[in-house]
Amino acid sequence: MKFGKEFTAQMVPEWQGAYMDYTYLKTLLKEIHLFKLKTKPPQLSTNAHGLTRRLTLYRAFSGLTQRNTTPKISPSSNPDIESQPILVNSVKKPDGEFGLETMFQMTSDEGGEYELVYFRRLDDEFNKVIKFYRGKVDEVMKEAAVLNKQMDALIAFRIKVDDPHYEWPDSAKEMTRLASDVAASTASLAASTPGLKASRRVTVMDMIEEERSLEAQADQSSADQEKVKEEKQFVQGLKPMNSKNYDDHKQVDSGNRVVQELKPMNSKRTKRPAPLEILTRVTINNTLETPRSSIRGILNVPNQAELKFSKENLNKVEDQLKRAFVEFDHKLRLLKSYSFLNIMAFSKIMKKYDKITSRYASKPYMKMVENSYLGSSEEVVKVMDRVEATFIKHFSNSNRKKGLSILRPKAKRERHRVTFSLGFFAGCTITLIFALVLLIHARHILNKEGQKQYMVTMFPLYSLFAFIVLHMFMYAANVYFWRRYRVNYPFIFGFKEGSALGYREVLLVAFGFAVLALASILANLDMEMDPKTGDYKRFTELLPLGVVVLAFVIIICPFNIIYRSSRFFMLTCVFHCICAPLYKVALADFFLADQLTSQVQAFRSLEFYICYYGSGDYAHRDSSCSSNDMYKTFHYIVAIIPYWSRLLQCLRRLVEEKDGMQGLNGLKYFATIVAVTTRTAYSRSRDSTEWYIIAWVASGVAAASGTYWDLVLDWGLLQRNSKNRWLRDKLLIPHHSVYFGAMVLNVLLRLAWLQTVLDFQVSFLHKQTLITIVASLEIIRRGIWNFFRLENEHLNNVGKYRAFKSVPLPFHYDEDEDKEG
């Protein structure tokens, strides 16, 4: 693979604009190369060329070679400044920051203006990379300081839970004696270990440990403070605490703390000095999202609670800090990768420059890169070491393998059994479809008397499976194209790292469900009554209900089978949709609610299941649901539940975010509720002219507002002043016709649902078949909408360089008390 493609593939998608623009710089080098080819003197004939080459080699070996052109600088030579092709200087920019400026000294050469443009753009790219990297490192160091305080509070919390009666000894004499003993021990250890260096820079995360800082002892004598200073100089050279003698010796913390190692957390801890006074400045954040916390947030009530030293609270705090450390370490690894990839890109592009121009400018330039903040800064690496050591010690009982498996979970590998199972179930699905078609044709089932009864009773039951399978197929296609165009959908949805399903896994579930449904259809595809009993067989008539119950059991199954993490994530989002607006609205919540608005007919099929099997009509394959008043009432209610949930989510976001657009979005869903209600009323009373007019107007308003919202706000298209006319400035798909085709399809499929108002009649299609087709078209429209909606969300994250999710921390630290102190 060429470096350019590999470089792009390893970028953090949301940071793509912050990386060095390797492609553009490569284009500039191509222009330099083409210019040199045009100005290159004509080549000699083959014989003359061979003779000249042999003569040149002879002179070279004889030491007689004389060069009349500008002397080239070899990488190993040490030429004068005037003979160097470039000079790299650090200059102060107008905004007050320092940047790089490369002076190209060969501008008088033929084509030098092309190379001058190249180096100016190269400087711009390097300054951009340095500025972004420095800013991100500053953010990381601030987060490290916050995590340091969180760890202090956690360690004190643990000690208090283990021994509620333990108190921090506040005797100044005791502290002075303790500091003196430790300083003496560290001095003797330093004298016996000459290889340790005292020049190592202490980072913020070096302060993450479990004992009281020696710097906090303001009442120590001057002699003791001098010893503490000597101790600081020593501990700066200590390696991270992951050596073999980790559990056997006392160590001195590189964050200037006295450390007596914790024993395994399942053993009895010995009493030791601990910074318990930090507990007077912290409270517990109620990070668990509940209806009560939502109401407190709306009322601006502080969402903190007093410390209760219990095992239950300790476990919650540890779980929250685990998630915070995992996300923080992920950010550090991406920053390290960002630095490495950019340095590699600068090295590659300068080697290409040397190859084209033969100037050997890469050595001085890369020396500058390596000495810059990008190449010489070690803050990120040091923080990563401390995060790893701290996490292994405090969250995995010093088990390195277990700790790293939690801190850095490995990405899911594509398994051959998934591909094999997918192929097997896909083959079974195709076979069952052919068998179903042949059975209907061979037995002339469509011409039998029971055909109409079957379409009224059994067809609505099985259409539910078609809706679910079709939606899963569309989602699998979305996942495939999201991955192809590098849309970071796991981050956008908030999936746990490594738990996001690929398109193969989604297709496997879809085909498996399709096999169950088709087998059930074949088992009871009988239009005639049993001649012996005079009725239908109860077992075969219960098969559709059995498939639904089996699917429900699998979804709620607590065992770690059939993608438990994804199932529980979906159930959580469903619960949030049902309980809207009592839970904070995340993107995954309203995205799922939008999917449910396209499954109105599936909800009505579920309602029919309850009525059909609840009334016992299945024994005679005869439905009385259409004449049931309660069924008619719920026919209205079921249709508006998804839209109502989405409306409440918009109102919640309107109150929390103070965003007026969410209010307009809520009005759009309210218009859709009115449209669905009036269309349902009109379908029940076809002779009413008033309902016909009302349904027409409401449906037209809902279709127009929904189409505009899809194209302009959800997809970000139809921008007149964009550089891609009527599209966005940034597009992931290179073919613009795809976007225009999607917009046209969206409009046409939006109008398809007006069929219930227009009352189209197709002679060769049953009414239930036509309803199923229209509902399937809406699912297809939603599948198309999904891709462009997430593409727009991804590009918004790219524009804001937003690549990490914020993890709530368990403790609230009162900074005011520190300032007062």
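Using the three backbone atoms N, Cα and C, a Cβ is placed for every residue, glycine included.
Per TrEMBL, the feature domain 'SPX' maps to 1-367. A mean pLDDT of 67 is what the model gives for the domain 'SPX' (1-367).
If you look up TrEMBL, you'll see 418-441 (among others) marked as transmembrane segment.
TrEMBL lists 461-482 (among others) with the feature transmembrane segment.
According to TrEMBL, the feature transmembrane segment maps to 503-522 (among others).
Here TrEMBL flags 542-561 (among others) as transmembrane segment.
Look at TrEMBL and you will find 626-821 tagged as domain 'EXS'.
Long-range contacts of the transmembrane segment (691-717) within the same chain, counting only residues at least 6 positions beyond its ends with a Cβ under 8 Å from a Cβ of the stretch, are 661, 665, 667-668, 671-672, 674-675, 677-679, 681-682, 685, 726-728, 739, 742-743, 746-747, 750-751, 753-754, 756-757, 785, 788-789, 791-792, 795. According to TrEMBL, the feature transmembrane segment maps to 691-717 (among others).
Positions annotated as transmembrane segment by TrEMBL: 738-758 (among others).
Here the transmembrane segment (542-561) has long-range neighbours at 458, 461-462, 464-465, 513, 516-517, 520, 523-524, 567, 570-571, 609, 613, 618, meaning same-chain residues at least 6 beyond its ends whose C-beta is under 8 angstroms from one of its own. Only residues 6 or more beyond the boundaries of the transmembrane segment (738-758), in the same chain, are considered here, and those with a CB under 8 A from a CB of the stretch are 679, 682-683, 692, 695-696, 699, 703, 706-707, 710-711, 715, 717-718, 726-727, 731, 770, 774, 777-778, 780-781, 784-785, 788. Outside the transmembrane segment (503-522) by six or more residues, the chain places 414, 418-419, 421-422, 425-426, 428-429, 432-433, 435-436, 439, 462, 465-466, 468-469, 472-473, 475-477, 479-480, 483, 543-544, 546-547, 550-551, 562-563 with a CB less than 8 A from a CB of the stretch. Sequence-distant neighbours of the transmembrane segment (461-482) (same chain, 6+ residues past either end, Cβ-Cβ under 8 Å): 489, 501-503, 506-507, 509-510, 513-514, 516-517, 520-521, 544, 547-548, 595, 598-599, 601-602, 605-606, 608-609, 612, 768, 772, 775-776, 779-780, 782-783, 786-787, 790.
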